[in-house]
Amino acid sequence: MSDQPKMIYLPETMANWPWPRYINPHYEEVKAESDAWFKGFKPFTKQSQVAFDKCDFGRLASLAYPWASKEHLRTGCDLMNVFFMIDEYTDVECASVVRGMVDIVIDVINNPHKPRPEGESLLGEITRQFWERAIKAATPSSQKHFIEAFTDYLNSVVEQAADRDNNHIRTVDSYLKTRRENIGARPSYFPAELGLNLPDEAFYHPVVTELSYNIAELIILDNDIASYNKEQATGDDRHNILTIVMLQFNIDLEAAMTWVASYHKDVENKFLDGMKKLPSFGPVVDKELEEYILALAIWPRTNDCWNFESGRYFGSKGLQVQKTRYVPLLPKVKTDPTLKQKQVVVSLVDL
């Protein structure tokens with residue numbers, strides 16, 4: 001018997017994506033400000049905060065909003081910290097508890113100046129401060145679109161918790177439909193829309209909506225390829241396209257990777273074709289819409305680069321894995337399901 005760990009091959013899905021990597025020049029300064037604000041709440045244990053910091057969510061925001069001003073980038077950095085805190089806090093809870101958390105956050109974004117009650121989950125005050133600061137620099141239309149997208153995202157997090165409670169594994173189509181919301185892509189477009197005045201007729205036009213969902217799917221596929229190893233190790237891989245494809249088509253992991261890479265190519269082509277079908281709404285709106293579509297188009301590259309540049313999925317070996325495309329299968333680890341909220345365990349990956 002060989003002691004060598006099994007190696008997983010990660011297909012190079014982004015090789016032909018036309019948009020390159022950009023990063024905001026204000027990255028280090030704004031990340032430091034946002035992280036200092038976030039850590040001031042002491043949302044995690046010392047050990048989990050170290051693991052959270054290695055994820056470098058400020059880098060994710062700086063890759064996603066490379067042309068943003070310092071003020072707008074701060075909104076992006078704060079939002080990424082809020083997103084992943086929601087992710088960590090809700091991943092270990094049952095649907096009824098998640099519903100309660102989500103209702104707090106929905107109340108916050110609709111009432112950002114309302115003081116939060118004593119003893120409420122930290123999610124309330126952290127989200128309130130993020131949103132109160134964000135709206136100072138956001139157009140009314142971008143605020144409205146964010147509230148709608150963030151509410152859809154939050155409700156889908158409850159759905160994911162119900163699936164977890166019932167040990168329910170979806171079909172590919174059903175998974176992608178719900179995951180398009182709970183990957184958090186739509187609200188993540190908001191920091192790029194902060195200064196735009198896109199009317200609903202343009203923002204919610206079927207072609208634009210479809211393009212935004214194409215991008216969400218590309219993010220899902222690349223996220224699930226990168227996160228599968230960590231998730232199978234911690235026993236949290238039911239909500240992953242690779243697990244679903246393996247079960248639905250009765251194939252192994254290698255064949256599932258090939259299937260996902262092929263589907264990724266199809267979605268890329270849908271997006272590129274869809275861009276040619278954008279209607280005109282007049283010169284002023286068209287210029288803003290072009291800026292918004294560019295913000296969507298760079299997200300898959302952002303996500304792919306961050307998967308390897310941060311320590312979230314590959315520890316300190318991300319850039320090496322990005323080159324070789326091979327990663328050793330991590331051994332199974334036990335996490336303590338009784339540790340919640342501030343005590344939640346944020347897993348540290350070490351390949």
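Glycine is treated like the rest: Cβ placed from N, Cα and C.
What Swiss-Prot annotates here:
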BINDING   Asp87  Mg(2+) 1 binding site
BINDING   Asp87  Mg(2+) 2 binding site
BINDING   Asn223, Ser227, Glu231  Mg(2+) 3 binding site
BINDING   Arg312, Tyr313  (2E,6E)-farnesyl diphosphate binding site
MOTIF     87-91  motif 'DDXXD motif'
MOTIF     223-231  motif 'NSE/DTE motif'
SITE      Phe84  site 'Plays a critical role in the stabilization of intermediate cation'
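Shown on the structure are the features that Swiss-Prot records.
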| residue | record | Cβ contacts under 8 Å, 6 or more apart |
| --- | --- | --- |
| Phe84 | site 'Plays a critical role in the stabilization of intermediate cation' | Phe52, Cys55, Phe57 |
| Asp87 | Mg(2+) 1 binding site | none |
| Asn223 | Mg(2+) 3 binding site | Ile183, Asn303, Asn307 |
| Ser227 | Mg(2+) 3 binding site | Asn240, Arg312, Tyr313 |
| Glu231 | Mg(2+) 3 binding site | Asp237, His239, Asn240 |
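Mapped onto DSSP classes, the motif 'NSE/DTE motif' (223-231) shows 9 helix, 0 strand, 0 coil. Using a 10 Å radius centred on the Cβ of Tyr313 ((2E,6E)-farnesyl diphosphate binding site) and all shown protein chains, the other Cβ atoms total 24. Per DSSP, the secondary structure of the motif 'DDXXD motif' (87-91) breaks down as 5 helix, 0 strand, 0 coil. As a whole-number mean, the pLDDT of the motif 'NSE/DTE motif' (223-231) in this prediction is 95.
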